[in-house]
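> So TrEMBL has the following annotated:
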- 183-192: compositional bias 'Polar residues' (COMPBIAS)
- 1-80: domain 'PDZ' (DOMAIN)
- 92-124: region 'Disordered' (REGION)
- 164-192: region 'Disordered' (REGION)
Amino acid sequence: MHIKGGLRGHRGNPLDRTDEGVFISKINSGGAAKRDGRLKVGMRLLEVNGVSLLGASHQEAVNVLRSCGNDIHIVVCKGYDKADVERLMSEGRLSRESKSVSQSVSSLDREDESSATIRQEEEMKQELVQWEKEEEDQQREIVAAKEKSTPDRVLEVVRAVETLVNKPSSPTDMQGPPKSPGGSKSQDLKTTTIVMSKHTLAPQAGS
């Protein structure tokens with residue numbers, strides 16, 4: 001079976017945030033507790049083989065239960081009703097998150113060394129896959145940022161500005177290019193000035 005709760009741990013009773021008791025949170029199918037049929041989800045554990053669990057931390061309760069041997073004598077009392085929890089969840093008065101904060105849930109099944117090693121290796125593989133995925137995402141972001149600031153992109157901006165400058169906007173503009181300040185003797189000049197800074201060339205957020 002699995003237990004939940006304990007002193008200064010995550011609550012084992014989803015109906016009472018202040019309750020620091022130790023509760024049965026799951027009965028494994030096919031196990032001794034399931035075959036016996038007397039233990040139910042929601043029961044509060046008070047004593048195991050003469051050792052009181054009142055005021056015990058979660059880890060202390062786990063240690064007591066795992067070290068009790070082949071014969072176990074458990075004193076329990078009513079804690080919460082699983083049906084009440086499911087009804088409140090269906091009515092939206094209790095969130096699934098508040099029911100299943102699981103950092104203080106422990107299975108009492110004993111793991112042999114080989115299965116524990118396999119489980120640790122699987123967890124390490126999952127962490128490695130997640131780390132590699134994050135690295136790939138970061139590389140994609142860097143490449144995308146570089147692509148936005150390539151010379152081709154700068155040339156596109158320059159051409160767009162020249163097009164806007166050269167396009168006539170009124171009938172007076174159709175009369176010819178502007179005369180130079182020097183009068184009719186000077187050559188007609190047509191200039192385009194483009195001012196760009198490092199800031200302008202940098203990738204702009206949201207562009």
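Here the Cβ of each residue, glycine as well, is placed from N, Cα and C on the backbone.
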> Averaged over the domain 'PDZ' (1-80), what pLDDT does the prediction give?
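A mean pLDDT of 90 is what the model gives the domain 'PDZ' (1-80).
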> Quick one: DSSP breakdown of the domain 'PDZ' (1-80) into helix, strand and coil?
14 helix, 20 strand, 46 coil
